[in-house]
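As structure tokens, the structure follows; a few thoughts come after it.
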Amino acid sequence: MASELEKLISTIQKNIHNGELKTNIISNFQNLCGQIQNLSGQIQNLNVQIQTLTHEKICVENNCLKQINAAHLRNTILSDKVMALQNQLLQQKTCFEKPQSDSIDKPAAHMDTSYPSPNIITEPKLINESVTGVVKFFNIEKKYGIINFTENENGTETLKDAFIYANNISKSKIEKPVERNLQPNETVVFDLYQIKNDEYVAKNVTGPNGENVKGVYVVYQKQITRMPNQRQHQPNYRNQPHPRSRSRPRSYSIRRNQLNDYQHGGRNIFR
């Protein structure tokens, strides 16, 4: 480009002999060349801006496409979950609406019914009789306690607990079964019953050799309920004799008779 401009300027200088015209033409031509160069620079800047804008537009479009894909994926997952919940509700509805029949209550042939299910409460099962144990503690107010006993498992003795209730004490000095109790660290003999795994109950509790248990003698006082505004001590005057009917001492009656005689005698004198 620069070489071509130099060739044009040299030809103008050779062909035009007038000095002013030559200088004007050369100056105008140089100005046009400068403007052309400025325009070319602006065009390059515009091209750069267009490239950056297109790149940003492409990035924005890519981000929008990514967000659209993610939203579509979330919609598909939610729709799958909704379908699964609808299927579960339909299954539950069909189970509730299904009529009961005898075949439902009967167990299948391949099912093992020898062991009861853990949710079913079974009666206590007798494991061993005349088991010796030591009373760990006994709550007299709540009428229950725990007895420690040893059990041989695979050649090793393990210490276990058995619940004891006041009603299960068979021999005691206290007549009422509800008021019977045990003394801590007391040796007792009982029948061991199992309720669940590692849960035991002691029944028919006696002392060693079938004797009475020691226990603790407690005096049960009957509590009298009173109203809040009632006095603590209110004597009953209805059942008490009248004050005049109480017996007086003999000396008092003798003195009273003497006073009466004196009064009567004085009156007779003054008459």
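Backbone N, Cα and C define each Cβ position, glycine as well.
Curation does not apply to TrEMBL; its annotations are automatic.
Among the ranges 36-63, 120-147, 176-203, the one that TrEMBL lists as coiled coil is 36-63. For the coiled coil (36-63), the model's pLDDT averages out at 89.
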